[in-house]
Amino acid sequence: VIGLTSEQQSLMQLRTLTDWSLRPRLLALPGVAGVSVFGGERRSLQIQVHPDQLILHHIGLDDVLAAAQEATGIQGAGFIDTPNQRVVLQSDGQALTPESLARTVIVRSDNGAVTLGSIATVTEAPIPAFGAASIEGKTGIVVNIWEQYGANTMAVTREIEAALTDFRPQLQGQGITLHADLFRPANFITTALGNATRALLLGGFLVVAVIFLFLFDLRTAAICCATIPLAILIALSLLETLGVTLNAMTLGGLAIAIGEVVDDAVIGVENVTRRLRENRLLVQPASTARVVLDACVEVRSAVVYATFAVIIVFLPVIALPGLSGRLFAPLATAYVLAVMASLAAAVTVVPALCAWLLATPGETRREPPLAGWTARAYERLLARLMRHPRFVIGGMILTTLIGFAALPFLESDFIPDFKEGHLIIHMTAAPGTSLEQSLKLGRQVTEKLRQLPEIR
């Protein structure tokens, strides 16, 4: 939604410029479905008939109307056929100004010709207004631009803003102010993409930090972390191949998958490092490549089964019909592709990196401190739980029942409320309120709202 105001041009001049210059240019842009103009004064040629002159010349209103239509209408002048095309001809002599319309002849008699100007006052004036527009308290023009179904909002917005940038000098030369961002839907998309990107980066940073704290080794942490960008890039490539755009939902799916994409690699790397520690304590240790191969094969089936179990859970989301599918299928698709890419990296890239980076001979790798402390704490907790299995099972059943009992009391909604940064306020005046009074009330409301610090 854009607006135009001016201290130098009249509302009729503003509306004429918008209808015949700005609107056609916007309609020609790719992705634009429609442009509606609201407010201002629409130019018209008005014929204010003098009844006494009609009686004097014995002319009826039908005669005046027929003469005006003939003078202002566009009439075809035939066509010319050529070997390649048909050229349509039309006359170009219609009356476009009050002066030329006033010279239009209605009837001819022995006393001379009777023109529209002799029996009426012909003037340029706006048609009766049924509505008006106000921009930041100033009466002006509001232009609503509608994009085509399926068009890319960001691409259409860039096209519109480029066209407005080219058109702005013409407006400034006539003393017209262009308000190009009264309502810009792309702002919400940009904010959503920015939030999803920040969540993706923050999640990646936290995953890297946790991996390093638990593995406590730069090389093993680097091997695990290498799967993050690799899986994300593969998922993005597959999304591009499938025709899925990069949006807030796909970025959200990738952000959710950040913690999952390193699981396969962590399991494999942790098992490799453990087997390497045990191998170096043997009298006749095996080669690093052999140990890495055996360690990866040892956990591979569990990794594959767990990954496909996660993928199967998300398949119904991808198959959701209707609006729900349009919303959540891209998220699930991005998540599944990222997880599948991480599995592929875990069974191919991770073993190769382990054989290359963990092949230092004679180096004894101790258990990471945080991982050892966590394992010992878990061992003590598990020992206590094993001594009281009935309490554990009873607690599990009780928690499940409480969860089911709480379901009817949970509020549900299709989608959460979005904070787009825009508020739409509808004001209804008393029946019969004049247009001028409605504009006055609107300006008062606008002034009150602009006093709030949160309102831009």
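Cβ atoms here come from the backbone N, Cα and C positions, even for glycine.
Note: TrEMBL annotation is automatic and uncurated.
Residues or ranges marked as transmembrane segment by TrEMBL: 199-216 (among others).
The annotation transmembrane segment is assigned in TrEMBL to 221-239 (among others). Residues 204, 207-208, 211-212, 215, 245-246, 250, 254, 257-258, 261-262, 264-266, 269, 333-334, 337-339, 341-342, 344-346, 349-350, 353-354, 357-358 of the same chain, all 6+ positions outside the transmembrane segment (221-239), place their C-beta atoms under 8 angstroms from a C-beta of that stretch.
Per TrEMBL, transmembrane segment is recorded for 302-323 (among others). Long-range contacts of the transmembrane segment (302-323) within the same chain, counting only residues at least 6 positions beyond its ends with a Cβ under 8 Å from a Cβ of the stretch, are 260, 263-264, 267-268, 329, 331-333, 335-336, 339-340, 342-343, 346-347.
The feature transmembrane segment is assigned by TrEMBL to 335-359 (among others).
Summarising the annotation, TrEMBL assigns transmembrane segment to 391-410 (among others).
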Handout entry: For the transmembrane segment (335-359), sequence-distant contacts whose Cβ falls under 8 Å of one of its Cβ atoms, 6 or more beyond its ends
Key = 219-220, 222-224, 226-227, 230-232, 234-235, 238-239, 253-254, 256-257, 260-265, 267-269, 272-273, 276, 288-289, 292-293, 296, 300, 303-304, 307, 310-311, 314-315, 318
Practice task
Using a Cβ-Cβ cut-off of under 8 Å, list the residues of the same chain that are 6+ residues beyond the ends of the transmembrane segment (391-410) and lie near it.
Solution key: 385
